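Annotated in TrEMBL:
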| type | residues | note |
| --- | --- | --- |
| ACT_SITE | CYS13 | active site, nucleophile |
| ACT_SITE | CYS16 | active site, nucleophile |
| DISULFID | CYS13-CYS16 | disulfide bond |
| DOMAIN | 1-88 | domain 'Thioredoxin' |
| SITE | ASP7 | site 'Deprotonates C-terminal active site Cys' |
| SITE | GLY14 | site 'Contributes to redox potential value' |
| SITE | PRO15 | site 'Contributes to redox potential value' |
Amino acid sequence: MTVRLLDFYADWCGPCKTQDPILDELEGDYETVEFVKVDVDEEQDVANQYQVRSLPTLIVENDDGIVDRFVGVTQRDDIESALSQAGA
């Protein structure tokens with residue numbers, strides 16, 4: 001089963017820059033998870049498809065669909081819990 005973490009961000013988003021180091025650490029620890037950064041300014045269609053309204057937004061999904069969604073800066077423990085629930 002494929003597990004993905006989609007990170008919806010924008011270059012002008014201050015809280016997104018706070019979220020980045022947490023995601024960088026997780027990406028190093030979860031080699032089986034596909035980490036996808038989505039720049040909402042460049043990929044508005046994808047942001048609309050996932051109904052992203054605030055930044056940062058993190059979406060954890062697997063082959064069955066969306067497992068969890070986080071809006072705002074999210075702590076590592078919460079993300080790890082969602083990744084585990086998704087099958088990572």
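Using the three backbone atoms N, Cα and C, a Cβ is placed for every residue, glycine included.
A map of TrEMBL features onto the structure.
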residue	record	contacts (Cβ under 8 Å, 6+ apart)
ASP7	site 'Deprotonates C-terminal active site Cys'	GLN19, LEU23, PHE35, VAL36, LYS37, VAL38, PRO56, LEU58
CYS13	active site, nucleophile	LEU55, PRO56
GLY14	site 'Contributes to redox potential value'	none
PRO15	site 'Contributes to redox potential value'	LEU55, PRO56, GLY72, VAL73
CYS16	active site, nucleophile	TYR9, ALA10, LEU55, PRO56
For CYS16 (active site, nucleophile), the three-state class that DSSP assigns: helix
Rounded mean pLDDT for the residues that make up the domain 'Thioredoxin' (1-88): 98
Residues of the domain 'Thioredoxin' (1-88) by DSSP state, where helix covers H, G and I: 33 helix, 27 strand, 28 coil
